[in-house]
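S.K.: First the structure, then my questions, so here it is.
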Amino acid sequence: MNRESFAAGERLVSPAYVRQGCEARRSHEHLIRLLLEKGKCPEDGWDESTLELFLHELAIMDSNNFLGNCGVGEREGRVASALVARRHYRFIHGIGRSGDISAVQPKAAGSSLLNKITNSLVLDIIKLAGVHTVTNCFVVPMATGMSLTLCFLTLRHKRPKAKYIIWPRIDQKSCFKSMITAGFEPVVIENVLEGDELRTDLKAVEAKVQELGPDYILCVHSTTSCFAPRVPDRLEELAVICANYDIPHIVNNAYGVQSSKCMHLIQQGARVGRIDAFVQSLDKNFMVPVGGAIIAGFNDSFIQEISKMYPGRASASPSLDVLITLLSLGSNGYKKLLKERKEMFSYLSNQLKKLSEAYNGRVLHTPHNPISLAMTLKTLDKHCDKAATRLGSMLFTRQVSGARVVPLGSVQTVSGYTFRGFMSHTNNYPCAYLNAASAIGMKTQDVDLFINRLDKCLKAVRKEQNKESDVAGVDNYDKTEDVVIEEMALKPDNVLLGTCQDSS
């Protein structure tokens, strides 16, 4: 209500009570005004009543919510289901216009304002997380892979001769397919083994640049966040190579916002060399539903070019989700989550180390990877493929998600390219291993439950292997409950899930 409404209310209720209610509303409006003036994430999170008031005020600025609106076009924000309308807080028009995903819509001032505020808050959080000199970013309603594709397609117009993308290998399908979808030929640079870690082969990158010619290379496509034993690419050195040869540099920072180390690498790479854009997932970094990403960079005009490359309007759902989340958390709440994630990484590392030693294994030494850990699986060495599938199946049936069992010598073809040792980021990693990651939002009880269930599964696998050795050629023997559950998981429909292969 406005001042006139409150004044009218004083004729019906005691003016003292009305004034008290007016002051309470002003406290909500003060928070909203500060947000609009500063465009930064509030230090302390908002309560739900302030959030809902804010969203309602924005929504009624859209034409589909005007009283007496008469829409005669093909896109008038009509929604058949009231449940769907409530799910989206009655933001129906989406964001952007046909020529620019960041443009303001005349029919949807509220949705446009929501989009601008969300992008401003996300930019503030990226700076808070460690990339202090980033100049622009926007939320795009596509996951990381398609967002990378959008970056590559934008570069196509700047480099008409280019047909190659130099890509230090990481065994994750969507980032590889993003290059294929954009119409370019990935040039795979194999990693080098340093101790337990797989690191960027800088000499091979530069040699390939010289061999192909800089004009024929669209960009270098590097990676920060990744599964151990691969570690983040040497971003500073790659950025210098890109600057020296005048080649664009796109960074896949999928779940790197939650890691101060990954963000520091991006900041340093931009300081000493060239990074054109870096892309990160909304769901992995901000705990919202899958379907959005952030494209950010250090050159404001280039980021605007990418936003203009997006064809048509776009869903406002990812922007709405992350806006609600950041306003609920506040910058202090998000910083607290980042701090807790680091603590959980140390705790997971210690617990995994204790368990691995009990099975004659060890946690791989990967100090340059700040999120993912890998534990060797000596238990699987005798019958690697079968045991890996079995262990993965047992973990899956016990509701352990996210752990990856990586056997030796796995071969997979992705978009016509065959990778040996797939999932291990190299052709011949020395041992089989299991991955686990400490991601934002993980709690102590998650680690404890994972370690407990993994322990039981390893015991069952070892017991089964011993039985197979003792009764070789004999099929009929008593089965433990674990083995029965495990065999159920090994039915054809469950094998892919059981091996925890990354299908993204």
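Glycine residues also receive a Cβ, built from the backbone N, Cα and C atoms like all the rest.
Remember, TrEMBL labels are computer predictions, not curated facts.
According to TrEMBL:
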type: BINDING; residues: Arg75; note: pyridoxal 5'-phosphate binding site
type: BINDING; residues: Arg97, Ser98, Gln105, Arg313; note: substrate binding site
type: BINDING; residues: Arg271, Arg398, Lys463; note: tRNA binding site
type: MOD_RES; residues: Lys284; note: N6-(pyridoxal phosphate)lysine
S.K.: Cα of Ser98 (substrate binding site) to Cα of Arg75 (pyridoxal 5'-phosphate binding site): how many Å, rounded?
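M.R.: Arg75 (pyridoxal 5'-phosphate binding site) has its Cα 12 Å from the Cα of Ser98 (substrate binding site).
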S.K.: When you tally the Cβ atoms that lie within 10 Å of each candidate's Cβ, which of the binding-site residues (Ser98, Gln105) has the highest tally?
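M.R.: Highest number of other Cβ atoms within 10 Å: Gln105.
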S.K.: Between Arg97 (substrate binding site) and Lys284 (N6-(pyridoxal phosphate)lysine), what C-alpha distance do you get in Å?
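M.R.: On Cα coordinates alone, these residues lie 28 Å apart.
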S.K.: Among the binding-site residues Arg313, Arg398, whose Cβ has the fewest other Cβ atoms within 10 Å?
M.R.: Arg398
S.K.: May I have the list of same-chain residues other than Arg97, Ser98, Gln105, Arg313 whose Cβ is within 8 Å of the Cβ centroid of the recorded substrate site, in sequence order?
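M.R.: After dropping the recorded site residues, what remains is Gly94, Ile95, Gly96, Gly99, Asp100, Ala103, Gly312.
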S.K.: Please identify, among the recorded positions Arg75, Gln105, Lys284, Arg313, the one with the smallest Cα-Cα distance to Arg398 (tRNA binding site).
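M.R.: The answer is Lys284.
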S.K.: Counting only other Cβ atoms and using a 10 Å cut-off, which of the binding-site residues Arg97, Arg271 scores lowest?
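M.R.: Result for the binding-site residues Arg97, Arg271: minimum number of other Cβ atoms within 10 Å at Arg271.
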S.K.: Quick check for the class: what is the C-alpha distance, in angstrom and rounded, between Arg75 (pyridoxal 5'-phosphate binding site) and Arg271 (tRNA binding site)?
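M.R.: Taking the Cα atoms only, Arg75 (pyridoxal 5'-phosphate binding site) lies 45 Å from Arg271 (tRNA binding site).
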S.K.: With the tRNA site defined by the record as Arg271, Arg398, Lys463, how many Å span the farthest pair of C-alpha atoms?
M.R.: 54
